[in-house]
Amino acid sequence: MNPNQKIITIGSVSLTIATICFLMQIAIQVTTVTLHFKQYECDSPANNQVMPCEPIIIERNITEIVYLTNTTIEKEICPKLVEYRNWSKPQCKITGFAPFSKDNSIRLSAGGDIWVTREPYVSCDPGKCYQFALGQGTTLDNKHSNDTIHDRTPHRTLLMNELGVPFHLGTRQVCIGWSSSSCHDGKAWLHVCVTGYDKNATASFIYDGRLVDSIGSWSQNILRTQESECVCINGTCTVVMTDGSASGRADTKILFIEEGKIVHISPLSGSAQHVEECSCYPRYPGVRCICRDNWKGSNRPVVDINVKDYSIDSSYVCSGLVGDTPRNNDRSSNSYCRNPNNEKGNHGVKGWAFDDGNDVWMGRTISEDSRSGYETFKVIGGWSTPNSKLQINRQVIVDSDNRSGYSGIFSVEGKSCINRCFYVELIRGREQETRVWWTSNSIVVFCGTSGTYGTGSWPDGADINLMPI
C-alpha cells in the first residue's frame, strides 16, 4: 500500500469512528431528555401521610445520583412513611439488664475539653439514641467550673449528643435551662427547658428546632420538670411538671403537648402526696411515670396518664423493697400501694421502676442513706401485692464503694416489642470530694435482655487526684 492509500484508509477509519461517536452522543442526549420528562407522581393523601409509589425520574431536592458516561441523571426516591409513634407493641420479656453504653466523661476531662454537667438522661428517635444533660456553661478544666454544685444558674443549657459521645466543645446546646425533658414524637424532637428566677421561671417548648410555646411559674417556687424523657403517643406528648415546695405540698400538673403547643393541662389527682422528677414510659394507650416523693415517702409515687381524655390517677409502688434514698433497711421498710410510707420521706433521689405483669423491675442505690452504689432487681408481686418483698434477678451496676446519683428510664421500640433501658448518673466532685471545686458526672447505660449475663461493676472510674482542681 502506497503512502496515499494509507492516508486515505486512516482518514476513512477516523471519519467512521467520529460519525459513530457523534450518533452515540445524540442517542444519549435523546435518552436523557426523554427520561427527564417521564414522570409518575406520588399520591399524597391527607393526614400528612405518603403512600408507596413507583420511582420517578425528575429533578427534585431529594436525589440519588446515577452516573451514565458523562451524563448525570437525578432519580427521586419516594419519601419514607413518616408517622407519629404509638408505642402499641407489647413490652419485651426480659431476664435482666445488659451493658449498653458508657461515656467516661470525667476520665476524659482530665486531658480534654469536656462540659461540666449534671441531670443526664437518654432518649431515642425512631432510628438512633441520644444522651442529654444540663451543662453548667463551662468545661471542667476551666475556672468557671468552681462552685458548679449549684443547680440553677442562667448559664445552664440542655446539651444533646449521640449516645456514647461525651459532651465536647462541639456539642449542640438545644435550649436554655436548669431543668428539662425531651422526647421524639416520630416526626421531630420536643424539648422542654425551664430557666429564670426561682420565683418566676419560664418553661420553653421547642419543637423541630423552633420555639412554639411557653408557660410561666404557677406557684412561684422553682418550676421544674422530669430530668428524663417525656413520652409521645399518636402525636400527643405528656410532660409532668411541679411548682412548689420541695419538702411540703406542691402543685403538680401534667401538660399535654402537640407539635410543641400546649393543648391541655391536667392537675395531679389520686393518692400521691408529692411528685417530682418523674421517669416516664409508654404503657399503651397511656403513659406511666415513677417519680420521687421528696416530702413523705421513700416508696415511689406512680402517675398514670390517660392521653385520650387527659385524666390522671396516682398511687405508690406496692413493693415493700422501696426505691428512694434515704430509706429504711429492707426488713423494716413498707409500702401499701396507695399512700406514702412516712419513712425517711424528706429528701430523695430521682429513680425508676416499671411494671411487668404483677411484678416490678426497679433500680436503686445500694446505700440506704447516700447516693452510693447501684443495683437492679425484680420484686415478685411488687406491682400488685402490698408490701411484697420477694426479690429475684439482682444485679450490681455500680459497687457500693463508688458514687452513683440520679437514674431514669427510656424506652426503645424493636421489631416486635418495646424494650426498657435505664441510665445511672455517676456524680463526681463536690460535696464529697473536696479536693476539687467542681461537680460533674458521667453516665452508664443498660438495657433489658432476654439472654444470659454476667457480673461486674461500672463506676465512673476517674482518679480524683489526676483531675483539674
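Here the Cβ of each residue, glycine as well, is placed from N, Cα and C on the backbone.
Copied from Swiss-Prot, the annotated features are:
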TOPO_DOM  1-6  topological domain 'Intravirion'
TRANSMEM  7-29  transmembrane segment
REGION    11-33  region 'Involved in apical transport and lipid raft association'
TOPO_DOM  30-469  topological domain 'Virion surface'
REGION    36-88  region 'Hypervariable stalk region'
CARBOHYD  Asn61  N-linked glycosylation site
CARBOHYD  Asn70  N-linked glycosylation site
CARBOHYD  Asn86  N-linked glycosylation site
REGION    91-469  region 'Head of neuraminidase'
CARBOHYD  Asn146  N-linked glycosylation site
CARBOHYD  Asn200  N-linked glycosylation site
CARBOHYD  Asn234  N-linked glycosylation site
CARBOHYD  Asn402  N-linked glycosylation site
ACT_SITE  Tyr406  active site, nucleophile
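Projection of Swiss-Prot feature records onto the structure.
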{"residue": "Asn86", "record": "N-linked glycosylation site", "Cβ neighbours (10 Å)": "16"}
{"residue": "Asn146", "record": "N-linked glycosylation site", "Cβ neighbours (10 Å)": "13"}
{"residue": "Asn200", "record": "N-linked glycosylation site", "Cβ neighbours (10 Å)": "11"}
{"residue": "Asn234", "record": "N-linked glycosylation site", "Cβ neighbours (10 Å)": "17"}
{"residue": "Asn402", "record": "N-linked glycosylation site", "Cβ neighbours (10 Å)": "17"}
{"residue": "Tyr406", "record": "active site, nucleophile", "Cβ neighbours (10 Å)": "25"}
Average model confidence [pLDDT] within the topological domain 'Virion surface' (30-469): 91
Integer Cα-Cα distance in angstrom, Asn146 (N-linked glycosylation site) to the residue listed as 'active site, nucleophile': 22
Distance [Cα-Cα, Å, rounded] between Tyr406 (active site, nucleophile) and Asn200 (N-linked glycosylation site): 26
Nearest of the glycosylation sites (Asn86, Asn200, Asn402) to Asn234 (N-linked glycosylation site) - Cα to Cα: Asn86
Length of the line joining the Cα atoms of Asn200 (N-linked glycosylation site) and Asn86 (N-linked glycosylation site), in Å: 35
Whole-number Å value for how far Asn86 (N-linked glycosylation site) lies from Asn402 (N-linked glycosylation site) (Cα to Cα): 39
